[in-house]
Amino acid sequence: MDKNLYAHHMATLCRRYDEILEQSGFETLNVFSGAPRMQFLDDNYYPFKVNPHFKALVPITDNPHSWVIYQRGQKPKLLFYRPVDFWHYVPPAPQTFWSDFYDIELLSKPADAQAFLSPENAAFIGESEKLQGWSLGEENPELLINRLHWARAYKTPYEVACLREANRIAINGHRAAEQAFRSGASEFEINQAYLGAAGQGENRMPYGNIVALNEHAAILHYTHLSTERLTEPQLKSFLIDAGADCNGYCSDITRTYAYADNEFAELVTAMDEKQLQLVDGLKPGLPYPELHRQCHLSVGELLAQFDIIKTSAESAVESGLTRPFLPHGLGHFLGLQVHDVGGHQTGPDGGTTPPPAEYPFLRTSRTIEENQVFTIEPGLYFIDSLLGELKDSDLAAEVNWNKVDSFRPYGGVRIEDNIVVHATGNENLSRNP
Ligand code: GLY
Ligand code: MN
Ligand code: MN
């Protein structure tokens, strides 16, 4: 990564933190990377997941017991944990594109951090379970955290570069996954192919990979990874939702494939066109829920076009008929966390705007602005439980149930890209990298 880009990023970050600390009445911020967690009645740890507020300040995702001490107007201090330990890997002292921007102290014991922490006018951000008796400052002040979350929606060019790279890595994985699917691999094997091509392990993935053959595509967060190999005519469809990591930033990409050239393949192509139209609809000034409504209209059009419903798209949106076919939101903020924070915030100082009552799972109620990064992920699924409820409802007569049954074995379709809203137009990070 380019050092000048990081210098620019740090300058922006320091300006933001200085201003937010001043507004919030703090001089110092003590941010803890986290402590490993032991499994119940065991001597093995859960995979380590870093405090997102720590990786927001320094691109380290895999080192527990470390700290960033941020004092207003001063160069940030990094307390980097380097124990003497013959059981575990000990990372070298940082010497990379970002290391000049911190005063770095090496800690050989977790408790040594206490000597550097100043609780005076300080706020602490992190989990304090393993820090009982330490003087940390005010723990996780809500207003301060709200302001930091609000600011995280506006990405710097360095952050966009990380997201771009996280997409490039994921795209390599997606290509390998499609090939594995075409050659008859099991979900488990496809996932291995994905991880191998991405060059990242399971614990580094920003979320559990969704690798779903056939009707499994109708399970929105399917992470089971069956080892069963399917062959034609049993093998019908493949939905994969998988990302990658770059310096703590996430990608989140979904593709759907048909095994044969059939009506489901046509549905995938038609959804792809609708998805690209929705990407074009992402424009500064538009409330994101408006685009979500347009997405339901698009899904209504597909349902009508493929003869799945007997009414118009408009009437299907109006009556709620599109909802069982698309129960999730159009998309969300993306950044250091896959569902990045702040999507429902009304302003930096608190308050949230809930999603529209009829779309409770929409993660973004904010108005679209420049330098924000969103996913756009319309879907259309054949979910037994939701279709069962629909069949028992007043809307049942508006559905072509034979057609629904013919699509059930395919599970469903979702296409998801990651989009940067620039002043000059949108950049789709997930296509043509
Ligand atoms: N992979 C989770 C999501 O698309 O939101
Ligand atoms: Mn996804
Ligand atoms: Mn997503």
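Cβ from N, Cα, C; glycine included.
Quantities reported herein were computed from a predicted structural model and do not represent experimental measurements.
When TrEMBL records HIS332, GLU377, GLU416 as binding Mn(2+) 1, the matching candidate from ASP112, ASP245, ASP252, ASP261 it lists for that site is ASP252. Together with ASP252, GLU416, the Mn(2+) 2 site in TrEMBL holds one more listed residue from ASP241, ASP405, which is ASP241. Residue environment of ASP252 (Mn(2+) 2 binding site) contains 26 other Cβ atoms, counted within 10 Å of its Cβ in all protein chains.
The Cβ neighbour count for HIS332 (Mn(2+) 1 binding site), using a 10 Å radius over every protein chain in view, is 21.
Taken residue by residue with DSSP, ASP241 (Mn(2+) 2 binding site) is part of a strand. Within 10 Å of the C-beta atom of GLU416 (Mn(2+) 2 binding site) sit 21 other C-beta atoms, taking all shown protein chains into account. Across the fold, the C-alpha of GLU416 (Mn(2+) 2 binding site) and the C-alpha of HIS332 (Mn(2+) 1 binding site) stand 11 Å from each other. Fewest other C-beta atoms within 10 angstroms, among the binding-site residues ASP241, GLU377, are seen around GLU377. Neighbouring residues of the recorded Mn(2+) 2 site, listed in sequence order and excluding ASP241, ASP252, GLU416, comprise ILE210, ALA242, GLY243, ILE253, THR254, THR375, GLU377, ARG414 (Cβ within 8 Å of the Cβ centroid).
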